[in-house]
Amino acid sequence: MKALRAVLLILLLSGQPGSGWAQEDGDADPEPENYNYDDDDDEEEEEETNMIPGSRDRAPLQCYFCQVLHSGESCNQTQSCSSSKPFCITLVSHSGTDKGYLTTYSMWCTDTCQPIIKTVGGTQMTQTCCQSTLCNIPPWQNPQVQNPLGGRADSPLESGTRHPQGGKFSHPQVVKAAHPQSDGANLPKSGKANQPQGSGAGYPSGWTKFGNIALLLSFFTCLWASGA
């Protein structure tokens, strides 16, 4: 009996340190796992920084925002675009009405944009895209926009025509009308211009002979009447 008790006591004493080591091993295992998670987070931050360099310092895109704007009206509203909307869009629509054609302008931020020109139901729509700040400004509101000939869009060209190569105005040439020659080539031979020919001024041709005959007939008639 004493021997059995001694064996049990030895087993109990030897089992306690083993359980303690096992518990210590279980506590020590999570530490390397937590360390690995920290390394993964650092790697993700490095990847995000490499994918978008300088994104923190970049100012957000701003676009003009007007839903319905008529020609000549000013658009005074702007909006800051999110990173998912990198385009400023301008939509111009031309539609026919009872009073003629009506043109409206719409502008805003968008995520995708493609320049198009199409006609839907008698309305022609023109869509333009740009990616710089306030680039979708109405053409009449921007004094820097120039027309293809070199003049500004909000004012007509000055006198003269702009040369396509030199970029300067070339005034039109003045052509003088050639005066008629004074040698009388276009005048009648026997008189001046705008006057009938013949000896009597202001009478048609042959009037002198007819007048003489008429006078003679009148004279003979008077003699016949007096003789009778």
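Cβ coordinates are placed from backbone N, Cα and C, and glycine is handled just like the others.
Swiss-Prot names the disulfide partner of C109 among C75, C81, C135 as C81. In Swiss-Prot, the cysteine linked to C129 by a disulfide bond, out of C88, C113, is C113. Residue ranges 21-32, 117-128 are listed, and Swiss-Prot annotates 21-32 among them as region 'Disordered'. Given the ranges 11-17, 102-108, 130-136, 207-213, the record in Swiss-Prot names 102-108 as region 'Important for interaction with LPL'. In the disulfide annotation of Swiss-Prot, C88 is paired with C63 out of the candidates C63, C66. Here the C-alpha separation of C113 (disulfide bond) and C130 (disulfide bond) works out to 9 Å. Here the disulfide-bonded residues are C81, C130, and the one whose Cβ sees the fewest other Cβ atoms within 10 Å is C130. A strand conformation is recorded for C109 (disulfide bond) in the three-state DSSP classification.
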